[in-house]
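Undergrad: Mind having a look at this structure? Questions to follow.
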């Protein structure tokens, strides 16, 4: 399970970097008329616009990921577990999301301390979403907010006037 989560996280991070590279570089090759399928010619698929690019979604050098200690989510004062979300109309189709194990934080004795709060750390990522018209090779770039870990914070206290 850990290997699957790490692979999914690496894929998510690589896709995020790919999206930033496409957006930030003006050198993205544009092919507005290449690869029109019969569905697109019939008008059922969205037309390729000037802001369209062709992307090879195969991930190269998958085994050259950054080496990270495997148990950091267990050693944290705000530990978490990963849940895999699956969506066949999204690339990557599997994304690992963190879920905090406790509402409080873990103290030095290993006990939950309710005077502190365990909260998720969120990261915005870019994913490719398949267009709903049944165009198998038509995707749009979409932002997603995912939980990547948890951290321990002081609670927000509201004082009654």
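Cβ coordinates are placed from backbone N, Cα and C, and glycine is handled just like the others.
According to Swiss-Prot:
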{"type": "DISULFID", "residues": "100-150", "note": "disulfide bond"}
{"type": "DISULFID", "residues": "105-152", "note": "disulfide bond"}
{"type": "CARBOHYD", "residues": "83", "note": "N-linked glycosylation site"}
{"type": "SIGNAL", "residues": "1-28", "note": "signal peptide"}
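I'd like to know what surrounds each of these features in this structure.
TA: The Cβ neighbour count for residue 100 (disulfide bond), using a 10 Å radius over every protein chain in view, is 23.
Note: residue 152 (disulfide bond) has non-local neighbours 76, 77, 78, 105, 116, 117, 118, i.e. same-chain residues 6+ apart with C-beta under 8 A of its own C-beta.
Remark: residue 83 (N-linked glycosylation site) has 96, 97, 98, 99 as non-local neighbours, by Cβ distance under 8 Å and separation of at least 6 in sequence.
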Undergrad: Does anything in the same chain, at least 6 positions from residue 150 (disulfide bond), have a Cβ under 8 Å from its Cβ, and if so what?
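TA: Non-local contacts for residue 150 (disulfide bond): 73, 76, 78, 79, 80, 98, 100, 101, 118, 119, 120, 121.
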